[in-house]
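As structure tokens, the structure follows; a few thoughts come after it.
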Amino acid sequence: MYQTTAELRSAFLEFFRSNGHQVVDSSSLVPGNDPTLLFTNAGMNQFKDVFLGMDKRNYTRATTAQRCVRAGGKHNDLDNVGYTARHHTFFEMLGNFSFGDYFKEEAIRFGWTFLTETLKLPKERLCVTIYQTDDEAFEIWNKKIGVAAENIIRIGDNKGAAYASDNFWQMGDTGPCGPCTEIFYDHGDHIWGGRPGSPEEDGDRFIEIWNIVFMQYNRQASGEMLPLPKPSVDTGMGIERIAAIMQGVHSNYEIDIFRTLIAKAAEIIGVSDLTEKSLRVIADHIRSCAFLIADGVMPSNEGRGYVLRRIIRRAVRHGNKLGATEAFFYKLVPSLIAVMGDAAKGLAETQVIVEKALKAEEEQFARTLERGLGILDTALNELKGDTLDGETVFKLYDTYGFPMDLTADVCRERNIIVDEAGFEVAMAEQRSRAQAAGNFGADYNAALKIDAETAFTGYTELAGQAKVTAIYLNGESVTAIKAGDEAVVVLDVTPFYAESGGQVGDKGQLVANGIEFTVNDTQKYGQATGHQGVLATGSLSVGQVIEAKVDKKLRHRTQLNHSVTHLLHAALRQVLGTHVSQKGSLVDPERLRFDFSHFEGVKAAELKEVEELVNTQIRRNHELKTAEMGIDEAKEKGAMALFGEKYDSQVRVVTMGDFSIELCGGTHVGRTGDIGLFKITSEAGIAAGVRRIEAVTGAAAMAYVAQQQAELEEAAALLKGDANSVVAKLKAQLDKMKQLEKEMAQLKDKLAAAASADLVGDAVVVNGVNVLIKKLDGVEASSLRGLQDELKQKLKSAIIVLGTTQEGKVNLIAGVSNDLIGKVKAGELVAMVAAQVGGKGGGRPDMAQAGGSQPENLDAALAQVLPWITERLA
């Protein structure tokens, strides 16, 4: 009997493999082919282009165990996680797919056979739903499978519009769609809930375990449903739900995976009660966070990284709630890898960087908590009334990671009410912003769709005859264009490389007698290559034969930069470690940009070693060899793949000696020696855990070196030396500058001491306390602290407020002697003054600083200080 989650996963894939399905690896959680998705959230995502007819595979049946995330965007389960039996941010979707192969009867039979024969689920515990008008599905279930009519439930348009139904699936407002049938499991009458379609259907008794979608229509913009020429099937079964059934439990959080993670989290934090909901949250969130980082997402303040950061902080908050006093979340990664089995292969390979990224985010969260307490204290001190507004509460939560319930606890101690409704409004607005982050809601159907194929000859030639098969003007198909028209021209065959894998599209010309079309870019449109540009002369029509000519110089320079990215990737892995993987690239004729995973800045010595290693491989003049092979064979040979790229079962492998082997469909030099020279121009971080190197090659590298030499010679002339003496002379100048700065600081201290002696006489006495309020002219902000200390020593029991203006800004300092801080706090005092000069600030009870942007209001602000102090000393 299959019981563990790992056993169920293997059994499912083996069942469909034995029934003629290609087992396809789970795709990345970062969708590689769909701009409308924030994260991969269903098994069919990686096959979307196949269903749309824009991609072809060498198989018509497939099966997967797809990793999915639902957090942020349209599909967001985050708020419910930990509080229900079945909501998760991360889950695995088991699925089988037919691309114009089998249809309803086979799909239904496969599902029923796996559940009742392979898993041996009792048939009397199962019932099914179908779309209201899908009589064909009813006949199959009833007559061919043998399900009683009373156990086949018809579901109509229960969402308020035509075809808006739990049992009618639609990819979007237009495009492939169709009815679906769902299989439900009855957990028993001791669990509350009703059959699907009943008023009690939201209960936990009847649980959907398998959804089988029949894609048989193409919905038009008019709403008309046209039959698809090749109907297809998309199915999905959540592994956590079927595991709960097989393991005899009623909550997903009681299955083997979660039991292990919950127990480990409790052990690390020191919790004895394993039923704590916070432990569920932590166990769920470590799965989504770890796998997202493994797939290249890093915590940040925008897009996918923003959602990841929120999930991490939610988990850490629940850990703190349970009493965690130090970073704990990252310590769950080894247990996660162990319990996920084969599904954690990619995670195991990136374990080091995943743990470092999680730990860094946890530690940063701890620092923001401390800052949040300081911000909250200042906000409460400035509060007028008894209610802290929701926007401030949300700012503390969202910007500083400060939990709302902790804010409420602090407020209760001061008899202050928290505006929870305002907080929820601000939270809802931020959720909307997160959904829109990175424009992930773009209309997929807005892309130009071209029903054609173009053969590529550009690996071996840069010019050749071709026939025009289609022309698109302003997004519409036309038969001809005239001079001056900007259009996309499709050919039956082309030497032009279409942008892919970081390499920009080729430029060049399409020419014939009296015709010249300037190609400014080349892009892929499904299986077709689109030549984007302007018709300079003549007229061009579909069916004409032209000569396609790639710009040789631009292609050559691009190839230098592309080939060297392979060498750079291999060199980085040698120097920094095998955790380095490519996260993106840009290769054009002028330069290259290479993004890679690494948890810290690359040291100067490491950069030098990388550069030297690449240039060594260039000098060795390796021949670049390409070969077509199966994806599994390529992986066995150690070929590295590009982050976010999709690969067919047959791939192209590029090898450079024994130094580099990668999957790549781009164009390259013949030998590494053609690159000439490689020079790194910059290295920087672009996100947490992601670094970027920019570099140049060939003639551009020589020009860069020449420019550096010219700048060095110019610097030498300014220092009155030569290139060989620049460093020594510069060091001497810096030493001299440091000495002058030291002397200047000493002089300022003397001036401050002298000024303090003069200022003592300006103090007034209020109820036996020396009070000094002064606007200072010509005093730098950096001198205020020392001056305040001098005055405190001379005035003893005193309250001091000093202000100065410099470059259109106000600088303030307040000092209160220790015997008076029970009555007057420097932080409150300086904040009061700062508010009147367009600024803010705070600090300790005995000393605080602030700034402002309205120097014209400084005199009036200082005039308010004495009454303010007098009131508190009364």
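Each Cβ is built from the backbone N, Cα and C atoms, and glycine gets one as well.
Record features (Swiss-Prot):
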type	residues	note
BINDING	His562, His566, Cys664, His668	Zn(2+) binding site
Other C-beta atoms that fall within 10 angstroms of the C-beta of His562 (Zn(2+) binding site): 26
CB-centroid shell, 8 A cutoff, Zn(2+) site His562, His566, Cys664, His668, site residues removed: Gln503, Gln559, Ser563, Thr565, Leu624, Val654, Glu662, Gly666, Thr667
Neighbouring C-beta atoms (10 Å sphere around the C-beta of His566 (Zn(2+) binding site)): 25
Packing count at His668 (Zn(2+) binding site) (other Cβ atoms within 10 Å of its Cβ): 23
Cβ-Cβ neighbours of Cys664 (Zn(2+) binding site) (radius 10 Å): 25
Conformational class of His566 (Zn(2+) binding site) under the three-state DSSP mapping: helix
Secondary-structure category, per DSSP, in which Cys664 (Zn(2+) binding site) falls: coil
